[in-house]
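Everything on this sheet refers to the single structure shown next.
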Amino acid sequence: MSDDYELKELQPPEGANCNYNINTPQYENNNNNNNNTSGNESPNILNSENQFNQVANELENDSKQFFSNQDPEMNVEHSNVAQNEQDFKLRSYFENSQRIALGNGQKPKKMGISIRNLTVVGKGADISVISDLSTPFVTIFNLFRPSTWRKSSGSTFDILHDVTLFNRDAEMLLVLGRPGAGCSTLLRVISNQRSSYVSVSGDVTYGGINSDEWKNFKGESIYTPEEDTHHPTLTVRETLNFALKCKTIHNRLPDEKKKTFRKKIYDLLVGMFGISKQSDTLVGNEFIRGLSGGERKRLTITEAMVSSASITCYDCSTRGLDAASALDYAKSIRIMSDTLHKTTIASFYQASDSIFNLFNNVAILEKGRLIYFGPVGLAKQYFLDLGFDCEPRKSTPDFLTGVTNPQERKVRPGFEGRAPETSSDFEKAWKSSDLYQVMLQQQLEYEKKIELEQPSTNFIEQIRNENSKTNPTKSIYTTSYFTQVRALIARNSQIIWGDRFALISKYISIIVQTFVYASLFYNMKSDVTGLFNRGGAIYAAILFNAFVSAGELGLTFYGRRILQKQHSYAMYRPSALHIAMVITDIPLTAIQVTIFSVIVYFMYGLQVDAGKFFIFLFTIFGSTLSMVAFFRALGNLSPSLYVSQNILNVFILFMFTYGGYSIPKNKMHPWFSWYFWINPFSFPYKALMANEFGDMNFTCNDQTAIPNGNYIASNGSTMSYQDQYRACPSAGAIEGQMVNGEFYVAGSNYIDAALDFKSDDRTLNVIITFLWWIFFVIINMIALELFDWTSGGMPHKVYKRGKAPKINDDEEERQQNAMVENATSKMKDTLKMRESCFTWNHIHYTVQLNGKDLLLLNDVEGWIKPGQMTALMGSSGAGKTTLLDVLAKRKTMGTVTGKCLLNGKELNIDFERITGYVEQMDVHNPGLTVREALRFSAKLRQEPTVSLQDKYEYVEQVLEMMEMKHLGDALIGSLETGIGISVEERKRLTIGIELVAKPHILFLDEPTSGLDSQSSYNIVKFIRKLADAGMPLVCTIHQPSSVLFEYFDRILLLAKGGKTVYYGDIGEKSKTLTSYFERNGVRSCTESENPAEYILEAIGAGTNPGVSTIDWPEVWKQSPELQDVQAELASLETAATVQISSDDQDHGPPREFATSIWYQTWEVYKRLNLIWWRDMSYVYGIFTQAAASGLIIGFTFWNLDLSSSDMNQRVFFIFEILFLGILYIFIAIPQFLIQKAYFKKDYASKFYSWCPFAISIVIVELPFVAVAGTICFFCSFWTAGIYYNGEYDFYFYITFILFLFICVSLGQVVSAFCFNVMLAQTILPLLLVMLFLFCGVLVPYEQIPNFWKFVYHSNPCRYFLEGVVTSVLKNVFVDCSNEDLTKFSNPTNLTCKEYFKPTYGNVRAVTKGDESECGYCVFKSGEEYYKTLGWSYENRLRNYGILWAFFIFNIIMVVSFVYLTKKPNR
């Protein structure tokens, strides 16, 4: 092949202010569009000035975007436009703005890019394997195996290999390639996002600035990913106005106000992208209704344009847009690139020729290698000359990427064996071409021009001029820190108000829980019997407000991706975001705390004193703020939510235990006592205890004071105890202390003696509480500035250990292509389709909307036969998916009428099982491999008479046929985590899961939705293979290319309202279809036109929607084609033309499920157990929590002795063990909800019934929970010195494990009942309040209000505590320590025992020191202690049985709720 090129200079149209006068190579070939040009003919060069003029004129004439309300500050002399004049064209606006800016001293930032020898190295597939619970042990074992040391780092591969290209300012570069070609990586590297790769070598310069120095200009080269990441509760206006506030430049036009400038730009951009009408619509997401997917994509693009970056990289930014919107978007960035000298690099999904021709150059990648870089006008001819052929009506971008696909490319006669086959072949051909040398010369000249003109000098100067004058000289931010904070405060307020329903729900939940708290401690006694309760009530108030703030942890991770994106756009400093959040927290927290405090303070019966009330309010306010900041700090310092939750659980346990309530400060062991001094709970607790107890006296009557009654003097006379030697039975009591004839304990003495708190420290503790808040705020600011936990790399696959495929060399690549061809040729023998015919007639579907019937399908009929591929098309809202749902029996709401017949017979209960339904969303369990998912489908959906070996062999055949053999042992994973298979591979897997079931018919809903052109082609071609193998199928498809449309045999076209427009054959080159419309009054369809777009346009549903003057449904009703359809339907329904095979008859009567309930349960359990086994973060998370909780609790209550205070400590030891169970309630909920979503999808296809799932998911948790409980038991039980004898210890152990089972199953009950996590989080807090507060420890049974006593009797925590506490304290004799004694003077010459004997007996009086002072010990045994709680040792076996009843009841509830919610609402 000989390629002759020359350089010609292109001149822009007269008057166009664009930088298009670049040296661009063009072919000198008048027949450059001729697909049959011989490879020996030398291409010549076309002068493309006419082509450019045509594009420029089209942009000028077709631009429908207008700028209204022209600001008076614009230079009217130049624009000749009045103030309120409209119809101001987009290009004219930009050109006018640019002229005015130049007159004002502003110059465009002309920053192109130049890349030489760029190689990006990524991690190979073997560098990470599928992790499971054995992974840590394997890792440790490998440390002692020298043979594994070298391999530990894993292999690497080149994501990009030796890429050299450039792009001038004001030019647009299109990057094309198949999935995995490296397009996204190239765009990321150009945007200077390199952290996720092993290494990046080569030179990348930005207007002469190298990549290291370019880091100082964050926001000047941005990467816009294909995902749309926005705050869902903001409107379009709020989202863009915020971006504009952060990016409003300083050097605006003279006297131009910021607000005017922002409004002008906003109106321009929303008009440009057609989202003006959606300005006040919420952005929304999958849970919040808002913008459509296409509208959200346009918002993403608009936000990127607001950033005003010099270099912008758009990665598949047209995904989800229709053809018209994509073209408008491309035109807009073309104009902006021309007029504002912006450098644009973009990769597109399914780019049309119209979009393609807007770009200057195109770079084509294949497996990381650059196989073409040059002008768009030369690309097609280049590959034609290499020996490839382009099909008629195939777009140029599809052709360019198609040549890299062995299944798609077509080699012209005479080039067999000569045309490139592998990626390296293509790269060699490119580097040996003359055009490659021309482009190298162009790049060299561009670099010399950069060196001569030094655009970086002007670039740096313009950045300084644009930035706020209050910013530091080297600041990368446009606006000042104060402006950023102010904008963020406004945005945070809008986010909260946008989701005001959640805010109101939160306050309602708080009010309800507050009344529960307050009613439990209602009107507490002010005597000594209420001392402990009063302290508990105050501590509960602190805990409640702290844990209400725990939701901030999840919100921190939710907003992380948005922060990363906007920070990469240099909109604001991350620390400014936190300052703004803190400021918006203050009023919201004040409302929350005020509501809580007003209710609680007065219902508690705390001192009615204004000063004390406001100190209470102020302290709770500071404590809540500090905990909000603490939870955020934990999130900002953690790489993932799982990590932060595990750390949080440890902290919560520490904070609760070492707050000074459950363990007094003087009882804390030295190894953990230090935490008391850094505990955010301890300081507000000390402050509030001092506030309440500091000047309050707690009385006791004569009967309660000790000693009371009489004693026998040494002379034998009976004497009364003297008041000056009596006191209240409480810590801090002073003998003889009385007021108004009653003994009392001063509150200040009590908190000093019992808790070691000083009432004088109240003010200091309040101040420290707020200092904690400030400390955590600073930590958050530092963390946000220093850490970026978001991953920016490409998703990667992980395989089973030792199963990762090798990186193919050229020979292996050729062999793999040959294997695919061989598998394809054998497809018909592999599939062995049952020939079935499915018909539907007079289908109507009605739903209720606002009390009225809404008809969504109106008299639809049709059929699918073996070997036929039927397309289902129509405008948006025509009912395509609705019809498929009805035909596949997936509708659970509404009313369906009409007849659906399979082989001329009514549908049986096995219809869903024998029918394959490929839904639009690819829902797969991420914890399985591809092969495991396919085998699971085959085992449960194929007939039980088929052997397991045959099922597995069939799976392998389908894997090979789907070209996924190398992915069999790859983890499915998820796109969100960046680990797993690609989008296209997921779509293939979705189809494969239906195929291995050997379905009779196949329904496919939008199988190409969201895929690039090559993936779409591969999917449709694969579906065609299924049809050729005898599979009857129907497939909805949205605006297919002309090439894809040719694969279909028949089409069912629907209009809005679910009415039939046409049903029949498409015909060769779509002649049958187009002739129907032409004959009924529509213009002729040209040879070059896409028939799919033609028919949609004809019925007013094309990419440019219009109003058709023809009533097409009525035309269809009067057409002879309808009569033919009805006649054929009648024939099919009466004749049953396709007979049921003898194999089917042998299977017996129809069954809803192919296998027995026991087999289903076993298989579902095995799958769930495998998923749990691989979920290291979940399982090791619960193990870690168990070990950490056990060690913390065990060493906190280290080696408890037999004093009376340690009796209380033993109870609190067991009470804190409950924390692990409560924790597992939280942990079980998200795991259950995730698996429940997969169950609903499986149940719809009749994999298995609801009962196997419910039973299996309960059982699968139990072994892991039992191990966790065992770990906690061994870490805590003997450490605390609780052991007494084997019988009691064993009872403790088995009861504890059973209690954990109850907690996990209780979490599953909540999950089975709830539809989502948000509802579960609303229910949980109230549930946990009931479990914790009404268990009989914090508030004894006698002190619980009568209204709430039913909760105590229905609380599993009560039965666990009663059984375990009585076992632990049984036969324990109390030996009071000196600190536990209530001491009295002995005014007699009697011994202490003699002095107390008449009233208390010998065992109750303990002498300490000499006989002049006696000590009184409250309890003589553990049994006496637990009887004060109303518990009995005799109830322990009963309690154990009741706990089993709770567990069984929970299982029944799980099964019941799963049954009731087994079908999604659709």
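Please read every residue number as a count from 1 along the shown chain.
From the backbone N, Cα and C atoms, a Cβ is placed for every residue, glycine too.
Positions annotated as region 'Disordered' by Swiss-Prot: 23-47.
Positions annotated as compositional bias 'Low complexity' by Swiss-Prot: 23-45.
The annotation domain 'ABC transporter 1' is assigned in Swiss-Prot to 138-392.
Annotation comment: Swiss-Prot describes 497-724 as domain 'ABC transmembrane type-2 1'.
Swiss-Prot lists 501-521 (among others) with the feature transmembrane segment, giving sequence analysis as the kind of evidence.
Among the features that Swiss-Prot reports, transmembrane segment is placed at 537-557 (among others), with the record citing sequence analysis.
The feature transmembrane segment is assigned by Swiss-Prot to 586-606 (among others).
What Swiss-Prot records for 611-631 (among others) is transmembrane segment, and it gives sequence analysis as the kind of evidence. Long-range contacts of the transmembrane segment (611-631) within the same chain, counting only residues at least 6 positions beyond its ends with a Cβ under 8 Å from a Cβ of the stretch, are 541-542, 545-546, 548-550, 552-553, 556, 582, 585-586, 589-590, 592-594, 596-597, 601, 648, 680-681, 684, 687-688, 691-692, 762, 765-766, 769-770, 772-773, 776-777, 779-780.
For the transmembrane segment (641-661), same-chain residues at least 6 beyond its ends with a Cβ under 8 Å from one of its own Cβ atoms are 535-536, 539, 542-543, 546-547, 550, 553-554, 556-557, 631, 634-635, 668, 672-673, 675-676, 679-682, 685-686, 755, 757, 1177-1178, 1181, 1184-1185, 1188-1189, 1192-1193, 1196, 1216, 1219, 1223. Under the heading transmembrane segment, Swiss-Prot lists 641-661 (among others).
Residues 563, 573-575, 577-579, 582, 619, 622-623, 625-626, 629-630, 632-633, 636-637, 680, 683-684, 687 of the same chain lie 6+ residues outside the transmembrane segment (767-787) yet bring a C-beta within less than 8 angstroms of a C-beta in it. The transmembrane segment annotation in Swiss-Prot covers 767-787 (among others).
According to Swiss-Prot, the domain 'ABC transporter 2' annotation covers 838-1082, on the basis of sequence analysis. Restricting the average to the domain 'ABC transporter 2' (838-1082) gives a pLDDT of 86.
Around the Cβ of Ser875 (ATP binding site), the number of neighbouring Cβ atoms within 10 Å comes to 19. Sequence annotations record features per position, and here Swiss-Prot assigns ATP binding site to Gly874, Ser875, Ser876, Gly877, Ala878, Gly879, Lys880, Thr881.
Look at Swiss-Prot and you will find 1177-1399 tagged as domain 'ABC transmembrane type-2 2'.
The transmembrane segment annotation in Swiss-Prot covers 1178-1198 (among others). Beyond its flanks by at least six residues, the transmembrane segment (1178-1198) meets 133, 136, 642, 645-646, 649-650, 653-654, 657-658, 663, 668-669, 671-672, 1172, 1209-1210, 1212-1213, 1216-1217, 1219-1220, 1223-1224, 1227, 1231, 1264-1265, 1267-1269, 1271-1281 of its own chain at Cβ-Cβ distances under 8 Å.
Note on the transmembrane segment (1214-1234): residues 649, 652-653, 656-657, 662, 1178, 1181-1182, 1185-1186, 1189-1190, 1193, 1196, 1257, 1261, 1265, 1268-1269, 1272, 1276, 1296, 1299-1300, 1302-1304, 1306-1308, 1310-1312, 1314, 1316-1317, 1320, 1324, 1327-1328, 1331-1332, 1335, 1337, 1357, 1360-1361, 1364-1365, 1368 of its chain, located 6 or more positions outside it, place their CB under 8 angstroms from a CB of the stretch. What Swiss-Prot lists as transmembrane segment is 1214-1234 (among others).
Marked as transmembrane segment by Swiss-Prot on the basis of sequence analysis: 1253-1273 (among others).
Counting residues 6+ beyond its ends, the transmembrane segment (586-606) has Cβ neighbours under 8 Å at 496, 503, 507, 510-511, 514-515, 517-519, 521-524, 526, 534, 537, 541, 544-545, 548, 612-613, 616-617, 620-621, 624-625, 628, 692 in the same chain. Sequence-distant contacts of the transmembrane segment (1290-1310), counting only residues of its own chain at least 6 positions beyond either end whose CB sits under 8 Å from a CB of the stretch, comprise 1217-1218, 1220-1222, 1224-1229, 1232, 1257-1258, 1261-1262, 1265-1266, 1268-1270, 1272-1273, 1277, 1282, 1320, 1323-1324, 1327, 1356-1357, 1360, 1363-1364, 1367-1368, 1436, 1439-1440, 1443-1444, 1446-1447, 1450-1451, 1453-1454, 1457. DSSP gives Lys880 (ATP binding site) a helix state. Neighbour count (other Cβ atoms within 10 Å of the Cβ, all protein chains): 24 for Ala878 (ATP binding site). DSSP assigns Gly874 (ATP binding site) to a strand in the three-state reduction. Away from its own ends, the transmembrane segment (501-521) comes close to residues 533, 536-537, 540-541, 544, 548, 588, 591-592, 595-596, 599-600, 603-604, 1318, 1322, 1325-1326, 1329-1330, 1333-1334, 1339, 1344-1345, 1347-1348 of its chain (Cβ-Cβ under 8 Å, at least six residues beyond either end). There are 24 other Cβ atoms within 10 Å of the Cβ belonging to Gly879 (ATP binding site). Among residues of the same chain six or more beyond the transmembrane segment (537-557), those with a C-beta under 8 A of the stretch's C-beta atoms are 506, 510, 513-514, 517, 521, 524, 592-593, 596-597, 600, 604, 620, 623-624, 627-628, 631-632, 634-636, 640-641, 644-645, 648, 652, 655-656, 659, 661, 680-681, 684-685, 688-689, 692, 1321, 1325, 1333, 1338. Least crowded of the binding-site residues (Gly874, Lys880, Thr881), judged by neighbouring Cβ atoms within 10 Å of its own Cβ: Thr881.
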